[in-house]
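Novice: Got a structure for you, questions after.
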Number of protein chains: 4
Amino acid sequence: MKKINKVVLAFSGGLDTSVILKWLQDTYQCEVVTFTADIGQGEEVEPARAKAKQLGVKEIYIDDLREEFVRDFVFPMFRANTIYEGEYLLGTSIARPLIAKRQIEIAKETGADAVSHGATGKGNDQVRFELGYYALQPDIQVIAPWREWNLTSREKLLQYAEQHNIPVEMKKKTGSPYSMDANLLHISYEGRVLEDPAVEPEELMWRWSVSPEKAPDVPEYLDVEFRCGDVVALNGVELSPARVLEKLNTLGGKNGIGRLDLVENRYVGMKSRGCYETPGGSILLRAHRAMESITLDREVAHLKDDLMPRYAELIYNGYWWSPERRMLQVLIDASQERVNGWVRLKLYKGNITVVGRDSHTDSLFDPNIATFEDDAGAYNQRDAAGFIKLNALRLRIAAKRQR
Amino acid sequence: MKKINKVVLAFSGGLDTSVILKWLQDTYQCEVVTFTADIGQGEEVEPARAKAKQLGVKEIYIDDLREEFVRDFVFPMFRANTIYEGEYLLGTSIARPLIAKRQIEIAKETGADAVSHGATGKGNDQVRFELGYYALQPDIQVIAPWREWNLTSREKLLQYAEQHNIPVEMKKKTGSPYSMDANLLHISYEGRVLEDPAVEPEELMWRWSVSPEKAPDVPEYLDVEFRCGDVVALNGVELSPARVLEKLNTLGGKNGIGRLDLVENRYVGMKSRGCYETPGGSILLRAHRAMESITLDREVAHLKDDLMPRYAELIYNGYWWSPERRMLQVLIDASQERVNGWVRLKLYKGNITVVGRDSHTDSLFDPNIATFEDDAGAYNQRDAAGFIKLNALRLRIAAKRQR
Amino acid sequence: MKKINKVVLAFSGGLDTSVILKWLQDTYQCEVVTFTADIGQGEEVEPARAKAKQLGVKEIYIDDLREEFVRDFVFPMFRANTIYEGEYLLGTSIARPLIAKRQIEIAKETGADAVSHGATGKGNDQVRFELGYYALQPDIQVIAPWREWNLTSREKLLQYAEQHNIPVEMKKKTGSPYSMDANLLHISYEGRVLEDPAVEPEELMWRWSVSPEKAPDVPEYLDVEFRCGDVVALNGVELSPARVLEKLNTLGGKNGIGRLDLVENRYVGMKSRGCYETPGGSILLRAHRAMESITLDREVAHLKDDLMPRYAELIYNGYWWSPERRMLQVLIDASQERVNGWVRLKLYKGNITVVGRDSHTDSLFDPNIATFEDDAGAYNQRDAAGFIKLNALRLRIAAKRQR
Amino acid sequence: MKKINKVVLAFSGGLDTSVILKWLQDTYQCEVVTFTADIGQGEEVEPARAKAKQLGVKEIYIDDLREEFVRDFVFPMFRANTIYEGEYLLGTSIARPLIAKRQIEIAKETGADAVSHGATGKGNDQVRFELGYYALQPDIQVIAPWREWNLTSREKLLQYAEQHNIPVEMKKKTGSPYSMDANLLHISYEGRVLEDPAVEPEELMWRWSVSPEKAPDVPEYLDVEFRCGDVVALNGVELSPARVLEKLNTLGGKNGIGRLDLVENRYVGMKSRGCYETPGGSILLRAHRAMESITLDREVAHLKDDLMPRYAELIYNGYWWSPERRMLQVLIDASQERVNGWVRLKLYKGNITVVGRDSHTDSLFDPNIATFEDDAGAYNQRDAAGFIKLNALRLRIAAKRQR
């Protein structure tokens, strides 16, 4: 076993990471630094301080990372219209690189030689955490307790907690029916009954949004303003990045928007079924595409579309801090300089409908050319004959040879 | 002016193609063969026969191509989860190659040396028709009246019709407010007030679907069965391809599904605003992705996703009959051999929600491995350590060099 | 330690695999089946039989796989003009899947529950072997001695051999200066002085080719005939696939062709320096591209070029038996139907120069259109104006907006 | 016919553009401004001044653009290792955007409302010129005489020259056997006997390089130093971009390097046969790849390789000034920040062999990890087992289902 002096643990304050905290102290005989972040998961972070103290932790970090999360991670990702496997908005994937980065910063500040997280050995999150750690601090030691210990079930975990006087909330004892992850972008559900992809999830599971059936009977209109591809105002009110996403979450959740039920392919090789609520993100994606539709050049848009699945895969697989993701980001960001203007959306019972879009400064939509009416010479229809003739030339040459 | 003996005209029987028919006879002093196809546009095709006769046409072709359209064009396209520019389901694009193919067949049967269509010189359809013509019959003469004549407005068209005793329906005189195109896959609207992309279309415009607001208050469940990537049964009833799409259109339209309002980039270089109703296609796309999610290998799915935008662009731009589209189709079709099983959907006021999917023969979802519970050794969590370590190696080497 | 009954070892008869043979017997107390293949490495395979017998092996497989190797692996790969990282012709990579396949077949025939190979834990070959094993027989046990034992140096290996009475050839004792791999496609050199990429390899290292300096002073012309993208005849003489490659190797080696000195990126994450001789393959690649240049449609050729690096990476990384490689192969093979004709090459002191190419049946080169002379109307130069105008349209619209 | 006041003509001073000059004056009754650039074509540009004066031109521009050409066009292109269709180094393509840019600048300076060039209606150059014009000045008038006049043969051209007292050099009268284009990057040959791709070009055709047979019998070593992906010194001597390319041309030409004979696919739809000499560019490409091989991250290199054919196609097709080319350039340039170091090459009778490469500041080659000897724990071979196991997982799951 490797010798560890001090380890920075990503600590939620919940059962799992509390057990890990104790287990690290006992197993490695090392000091543990806890790090708890508010990334909009919707739970208080301060209680984590008391729990950490109770377990003898001397260095306790509690950070509000919500603005950084949206500004430097969520927004850059949405500039690419990122979707994994045609459906998934990468809500969990995009938070991990930020946690990893902050853990490494704290390790440097506190002189720790190791970091630790509570992700299991089956999922993508371990990869996302650890690729981040290694990319930012190549000699860091990584401890992934789920891959090392033999506490392979909830019962064993509870037993360990009891044996070591780790306080466990009542609700934890009965056990949550799902494995959940939340941040400002989304909340996810996995495990238990969801492990049969043939079965519909129960209505009770969903926490962030009402069902379309329960949503208001009257549509709600929303104006979204973009600057360089990022949302800067909603309904005319300028908002910070985190406030934008919070507001979109509220509007989306209220109108039954953003639920997803899918089977995805994990980087570690298996298929898994997940359910997601991404109310604000779903609105953001639709609005951004509409904004780009009148401000981006066609071939720039197509280049982005061609690269998007690759970019999404990089984020899903945990390569946020890789040089290839950074290269792609440079291209994506450069494309957004002119993505300025506004989009009008109609939200209604799960539907996000684009009903208008314009840009006073950067629209490439030219009604004089596009019109079905007389265009006064703006476009010469006869040009099309030559255009088609030359595009057809290779096809005709081949056809003449009976191909 | 080129010398034409006989021309096959894609003839709808409406004002535009009636004027074209007469104009061709007068301008080229040639015989005209009319070809009218039922591709599910929802209008009677037989009236076209009387109109053609009245205008002196001797060879009149009226074909029901609905099954061929869905089987050989729509279904192959949906195997790729095809979407153009993130939104558009290519409803117009996919019908043109079939029309072009049939026109060329008729030209060969009737000994015609030319073909003609009613598409304008500004749009994509002229390209789609003509690339098809040239690829299938390289020496064919193509007459595109809109690029040649000076009837540049509706008024001039009506005047021409009157002068030449072409019967015009009353409704045509007042003029349709939109330029529309319909087939079994979709109906589209362009022009007039839609030419301002900032303005929401009026509710009256939409013809195929009720609005989500007007849709039933009770969700409807639908079971979709796939064989080799194509839908073969709905709610347990085996249906032919065209019947599948008709049924999906009915279900979608009733439940407020499939409306789209977007700005797209035309192949000829300008942006245009279009509104679309694709009720059945929207359901089909969602269901197909869900079916693939448990039956396709991850990397095959990602390869398809990477190639999809290119494939979509080929179809949008009119290259259905090109060798590169055929190459891609070979790959796509090969991927669908195992896409067998069923998907359960919930349709409700514009929403298509996947609530279950399974395949008795071809599921790659392995609950024993995916489970959050004890997996009895199906997966060794310790393997993940090595997996991460080697994937991180290049990042660590770079980081050690301060990069 | 896992319980093994019988293991099929990829056995060359050399020092390493002889030690592995003995080590497997001792360590796992299991029966060992040896498998030795002639894939054109240029060494006798029969001596392996005696060595295996001497070490008590009862089931000994010695197969001549040269034709299968070229026909089913090398030729399909070259149809894609495959190069890894702009330089490497994948000589080692392409042989591993065949070895893996045959090992699994023998495991099934002999009722073995495990397979083993002599590749180290640092290289790509372990991955290529084992991905093949698992893809073809998912429950097979894999033993990779280099990852398990502690014989971490040549000295320890020789010591082990001596202790266990394993016969070692004299030359092995002194130690080869390089780690080498050979088959009909290439021979490779790694290790020792090559580990400093700043230093030029010594002339003595190269075994298959003379240096350009030593090659004949008179060029040699070669006619290569293709059918469906594969070479079927050289200088008018029909040859089997393996004979084609042998002949090309002879011609190339004699004329100083096919040496390569490069640094490549391994799948396991490090850079390594390798030197390669691929005389026949270098000729084949050049000839195939030339053949395609007049028989392939432009967009098919470009689609192949776009996908080639991905296809190359799959083979380099060991995914020959994956579904995504098979999908790509289907597309590639479909593109080759018309790649028929001949190419004339000039070989001279390291240079492969294409000096002529033609196809009586499938040339898409049309001199009447391409000519700089009067083309008698085969091509209407005025068409180009419209072609350019519409291709420029989006650029002009943007420029008008000062973009 | 459009009304033109003043036109800027790209004027070489040769027969073709002299006839064009006169033809423009006569046909459009407009003033002509001539623009002659030295981009390293190897001919004097000053004689063009006298010819222009003689034909009554008042505004004459003669510019030395060699440094700008290499610095802002050739070098950026080589950062991407750009090759079109696996062979062609884009020597002609890369010069056109610079000419177009300078012509538009001059049009603005002189108040001209039109530009003109001497490219025919069959080739790629017309597209490259005109896409540049339109992208940089959307309302410019473009006159392409070859698409307008009826001087469709050399004889008619000479006759026109004679009738209009245009001085014609003797050599022009006999007629050059090839259509040629030259600049610092290359010289090209097309037309005449080359129009039969089955026939080898005569040795006499080549102008810039000796044949490998005639090259020196002794190899020449060359050290190439890179900074941010561009060559900054040769054999230890710092040189400006144009000087670098000149020197490489001299070295390459002397050693029989850089000849190419190929059939390419033109953007306008036909195949054409061209022969090229690119001595310096061939060396540059090889050296740059070698430099990247030790300084670029694997995935960055692969991303570049995947995008290269698309980038090459953009340049070949004339889209240098398009936003999508600029986007790609941003990505490519960002990747080059660490491409610093040196490469040693051996030049010998047509061969460019890399014999060494190193970077004191940016090498990612780690001999401690790569070594075949004992690595003292730098790499844990056991990690590979987990790496392979998880990469194989999806293949094993599929195989268990007999897929």
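Each position is counted from 1, following the chain as shown.
Placed from the backbone N, Cα and C atoms, the Cβ positions cover glycine too.
Checked TrEMBL, it gives:
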DOMAIN    D:6-167  domain 'Arginosuccinate synthase-like N-terminal'
BINDING   D:Ala10, D:Phe11, D:Ser12, D:Gly13, D:Gly14, D:Leu15, D:Asp16, D:Thr17, D:Ser18, D:Ala37, D:Gly118  ATP binding site
BINDING   D:Tyr88, D:Ser93, D:Asn124, D:Arg128, D:Ser179, D:Ser188, D:Glu264, D:Tyr276  L-citrulline binding site
BINDING   D:Thr120, D:Asn124, D:Asp125  L-aspartate binding site
DOMAIN    D:178-397  domain 'Arginosuccinate synthase C-terminal'
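Structural setting of the listed features?
Specialist: Mapped onto three states, the DSSP output places D:Gly118 (ATP binding site) in coil.
Using a 10 Å radius centred on the Cβ of D:Tyr88 (L-citrulline binding site) and all shown protein chains, the other Cβ atoms total 21. In three-state terms derived from DSSP, D:Tyr88 (L-citrulline binding site) belongs to an extended strand segment.
Averaged over the domain 'Arginosuccinate synthase C-terminal' (D:178-397), the predicted model has a pLDDT of 96.
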Novice: In terms of Cβ proximity below 8 Å, which binding-site residues out of D:Ser12, D:Tyr88, D:Ser93, D:Thr120, D:Arg128 neighbour chain C?
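Specialist: Near chain C, the qualifying binding-site residues are D:Thr120.
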Novice: Between D:Tyr276 (L-citrulline binding site) and D:Ala10 (ATP binding site), find the distance joining the two CA atoms and give it rounded to the nearest Å.
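Specialist: Computed Cα spacing between D:Tyr276 (L-citrulline binding site) and D:Ala10 (ATP binding site) is 23 Å.
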Novice: Applying the rule Cβ within 8 Å of the centroid of the Cβ atoms of D:Thr120, D:Asn124, D:Asp125, what extra residues of the same chain belong around the L-aspartate site?
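Specialist: Going along the sequence, the neighbours come out as D:Ala119, D:Lys122, D:Gly123, D:Gln126, D:Val127, D:Arg128, D:Val268.
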Novice: Relative to the Cα of D:Ser93 (L-citrulline binding site), which of the binding-site residues D:Gly14, D:Asp16, D:Asp125 have a Cα no more than 10 Å away?
Specialist: D:Asp125
Novice: Sort D:Arg128 (L-citrulline binding site) into helix, strand or coil using the DSSP assignment.
Specialist: helix
Novice: Sort the binding-site residues D:Ser18, D:Tyr88, D:Glu264 by C-alpha distance from D:Thr120 (L-aspartate binding site) and give me just the closest.
Specialist: D:Ser18
Novice: Based on DSSP, name the secondary structure state of D:Glu264 (L-citrulline binding site): helix, strand or coil.
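Specialist: DSSP call for D:Glu264 (L-citrulline binding site): strand.
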Novice: Would you mind reading off the Cα separation of D:Ser18 (ATP binding site) from D:Ser179 (L-citrulline binding site), to the nearest angstrom?
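Specialist: Between the Cα atoms of D:Ser18 (ATP binding site) and D:Ser179 (L-citrulline binding site), the distance comes to 16 Å.
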Novice: Quick one: pull the CA-CA distance for D:Ala10 (ATP binding site) versus D:Ser188 (L-citrulline binding site), whole Å only.
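Specialist: Per the Cα atoms, D:Ala10 (ATP binding site) and D:Ser188 (L-citrulline binding site) stand 19 Å apart.
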Novice: Looking at Cβ-Cβ distances, which residues of the chain lie under 8 angstroms from D:Asn124 (L-citrulline binding site) while being 6 or more apart from it?
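Specialist: Listed in sequence order, they are D:Thr92, D:Ser93, D:Arg266, D:Tyr267, D:Val268, D:Tyr316, D:Asn317, D:Gly318.
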Novice: For D:Tyr276 (L-citrulline binding site), just give me the three-state DSSP call.
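Specialist: It is in a strand.
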Novice: Of the binding-site residues listed here (D:Asp125, D:Arg128, D:Ser179, D:Ser188, D:Glu264), which is spatially closest to D:Gly14 (ATP binding site) when Cα positions are compared?
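Specialist: Result for D:Gly14 (ATP binding site): the nearest of the binding-site residues is D:Ser179.
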